[in-house]
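Just below is one structure, and these are the notes that go with it.
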Amino acid sequence: MSTNGFDLLFSELAQAVNVKYVFVSAEVLLFYDTILNFTSEKALIWSQRWSFAKTLYIIARYGCFIDAAIAIVYSFSPSLSVKSCQILFQVANWLMTTGIHLCQVILLLRTYAVCFRNRFILVYLCVIQLAALVACGVQLYKINLSVVCDKGLLANYCIIMVVELNFFCVMVVKGFSLWRRESTPLIRTLYRDGAVYFVILFLVALLNVVFVVKSSDTPYFYIATEHERIFHSILASRVILNVRKAAAVNVDNLSSTKVSKSLKFRDIFGESVEFSSGGAAPQDSLFADEEDDRDNWGSNSIPDV
C-alpha cells in the first residue's frame with residue numbers, strides 16, 4: 001500500500017474514532033438530563049396514575065436508552081462479526097426512526113392543544129406525520145441495503161425538518177389567539193417550549209444535512225445522528241414534564257388563597273391531571289377552573305416540583 005493509501009486509512013480511522021466519542025457525548029447528555037429531572041419525574045410522572053400521557057412519556061424517555069445501548073455496542077465492541085454489525089446497524093436505524101417519530105407525536109399533540117383542539121388541525125397534523133413516517137420508512141429500507149452513505153439519509157433529515165417547521169408554523173398561526181387571550185403559566189410554557197424546542201431540533205437536523213452533503217465519503221456523515229435521537233427524546237419528555245409543572249404551579253397558587261376550589265387541569269393528551277383530588281377533569285376544554293364544594297385543599301397535598 002502506498003504512503004497516500006496509509007494516510008487515507010489512518011485519516012478515516014481517526015474520523016471514525018471521533019464519531020464514536022461524539023456518540024458518547026450524546027449518551028452522556030441523555031443520562032445527565034435524566035438525572036437532572038429525576039425529582040420532577042418522580043412527582044409528576046411516576047406518582048400519577050397510568051394514562052396515555054404517562055405511557056408516551058416513558059416510551060419517549062426510556063426507549064432512547066435502548067438506542068443508546070445499541071449505538072455503544074455497535075461503536076465499541078471489538079468482537080462483532082460483519083453480519084452482527086450489519087444487523088445492529090439496521091436495528092439501530094429502525095429504532096431511531098421509530099423513536100423520533102414517536103417523540104414527534106408528543107409535539108403534535110402539544111400543537112393540537114394550543115390550537116383549541118381543533119379536529120381539522122389534528123387530522124391535518126396526523127396526515128402529515130403519517131406521510132412523513134411512511135416516506136422515512138421507505139428511505140430507511142434503502143439505507144439499510146447500503147454500507148456507505150446513502151442519499152436517503154439526507155431525505156430523512158429533510159423530512160424531519162419539514163415536520164418540525166410545520167408544527168411551529170401551525171402553532172404560531174393558529175394558536176396565537178390563545179396566547180393573546182390567556183397568558184397563563186401553562187400557555188407561556190407551551191409557547192416557550194414550542195419556540196425553543198423547534199430551534200434546537202431544526203438546527204440539529206440541519207447540522208445532519210450539512211454533514212451528509214459535505215462529508216458523505218467520510219465517517220463524519222453520521223456524526224450527529226445520535227444527537228438527533230437524543231434531543232428528540234429529551235425535549236419531547238420535557239414537554240410533558242413542563243406542562244405538568246405549570247399545572248402544579250396553578251394549583252399551588254390557588255391553594256395559598258385557601259379557597260374551596262379544585263383546579264382541574266386537562267393536559268394536552270386528553271388525560272386528566274389533577275393535583276388536588278382523584279376526580280376526573282372536564283372533557284370540553286384545555287383546562288377548567290370549577291367550583292367543587294366536595295374538594296378540600298387542606299386535606300390534599302401538592303406534588304413537590
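Using the three backbone atoms N, Cα and C, a Cβ is placed for every residue, glycine included.
As written in TrEMBL, here are the features:
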DOMAIN    21-65  domain 'DUF6533'
REGION    275-305  region 'Disordered'
TRANSMEM  59-76  transmembrane segment
TRANSMEM  88-109  transmembrane segment
TRANSMEM  121-141  transmembrane segment
TRANSMEM  153-173  transmembrane segment
TRANSMEM  194-213  transmembrane segment
Contact call for the transmembrane segment (153-173) and the transmembrane segment (59-76): at least 3 Cβ pairs under 8 Å, seq gap 6+: no
Residues of the domain 'DUF6533' (21-65) by DSSP state, where helix covers H, G and I: 39 helix, 0 strand, 6 coil
Leading contact stretch, 88-109, 121-141, 194-213 vs the transmembrane segment (59-76) - CB distance under 8 Å: 88-109
Spatial neighbours of the transmembrane segment (88-109) far in sequence, C-beta under 8 Å, 6+ residues away: 56, 59-60, 63-64, 66-67, 70-71, 73-74, 80, 125-126, 129, 132-133, 136-137, 140, 143-144, 156, 160, 163-164, 167, 197, 225, 228-229, 232-233, 235-237, 239-240, 268-269
